[in-house]
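Undergrad: If you scroll down you'll find the structure; I have some questions about it.
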């Protein structure tokens, strides 16, 4: 059992957001209240939408009077679940790529491949994501008939977005996990197992996996953070998760709409109010910040847990303070270096 | 020479992957593999004759290379300025922080974790709001919040926006790495010999951490290029991403990305070469 305050804080923030969002949609049918004018007891109007954040509207309302907090709550499940799914897929795919890299390649070829894959460091992810996802997510228009359409259906759009956001990082992440695996394979106990005649499969299952799995959880948390950041970027460029509804009416255009109130849509819709009415614009972005912080807390707490856990069955000798500090420092170092190089 | 060959190969592969990626929207729109390869081939040919490439500027065809240089260098100034300032600030502050007692360092690290999780969009928004707020309160316009057109150049605001998050990343990374390095034997020896803590920190420890920081800076830069796009659009800056975003053709994207990649590549190659040359530690890498 993980005994770490940070980890559980992060976990409960994410879990709480998703759970409350699902409860909101099941029991209240995701009904977002709309208040356009506030009256006092004598029925004289005292305030009109948009409202500033207050006790009544924790995140304020948008100009039409819809409660931003309600919208955020409604969208939380779409955003967070898709982030978690993309994070898991990224790790699984990269893991699948990493296995042949670490097990079947000679050291030299692996280093070479690593070099090749690191060319992806120079391709900025957001720009490519915007570029590839635009034709999928933006509503198109047929010129002569003025008919609006999407190239793909709703399910296909979501599927494609998840696949593309996954595949874009697989080269880098795959080589990173491959390096992690290869460094595990160089440990002394693997050599021992080899001498004793363990097969590759056994080494993989009994020795590499227990070592790697906890690290993969940390990698997963980092990937979730990265996906969240890409979602804010895509939202700013009006590419919303699951498709952007664009109004092609030539005379009075509605702004692009998100189909499900997921958070990147809210960011995209509200960012224009940043100068005039900052409260509206900041709400959804702050929610992204909270989610990112939660994932980071999880990663850090888990890291901490790995360093201080007791191995089952062995009573560990009490370490001196100095040793513990050294372990902590080296653990942190490894983790950040993996992220960097 | 071996390293030059390796880098050249890497550069070519980067170009190749950029070109391959730039054909992808064609594949997605038409769901047709042969159209995709046709597009990739077209982009490739276009890249070979880059000096003849044209783009539409308000309906008029203009040669691409002639117009791109000024915005290009403007963007590079912003990007490298931000990177440089972030690095310097982080380094100086790290030295200062390492002189502090342990519990304060812990608090600083926790704060940095929190700051790390700010979404970049929020940082940009806060900078924008901050400038407006200062103007409202004191009447001093720190800087223009938005650029008015192609001729108007603003530097302070975009550089501030771009540097804030990298600064936090570098700062945290440097503290962690320096703390780790401080636990090593040679530091103890030199401290025992009576050298000042600050001296050891600045002259010995920093040199040994700099290599790790260099590798880390690659991924920071990777994310800064993405941020550059956001900053240039938010502040209406006429930089290279302006061309990229307003003319979203595969050829344009490939050309701009290749232009952006080249300076980074050269600089990183230079650093890598220096490190290879002057440090024996790199043999292990």
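Quick reminder: no glycine exception, Cβ is built from N, Cα and C everywhere.
Curation plays no part in TrEMBL annotations; they are all automatic predictions.
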Undergrad: Looking at A:279-299, A:300-320, A:321-341, I want to know which stretch TrEMBL calls transmembrane segment.
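TA: It is A:279-299 that TrEMBL annotates as transmembrane segment.
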Undergrad: For the transmembrane segment entry in TrEMBL, name the matching range from A:80-104, A:180-204.
TA: A:80-104
Undergrad: Which range out of A:7-28, A:80-104, A:116-137, A:212-236, A:279-299 gives the transmembrane segment (A:149-173) the most CB pairs under 8 Å?
TA: A:116-137
Undergrad: May I ask whether the transmembrane segment (A:7-28) has at least three C-beta pairs under 8 Å with the transmembrane segment (A:212-236), counting pairs 6 or more apart in sequence?
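TA: Per Cβ check, the transmembrane segment (A:212-236) does not touch the transmembrane segment (A:7-28).
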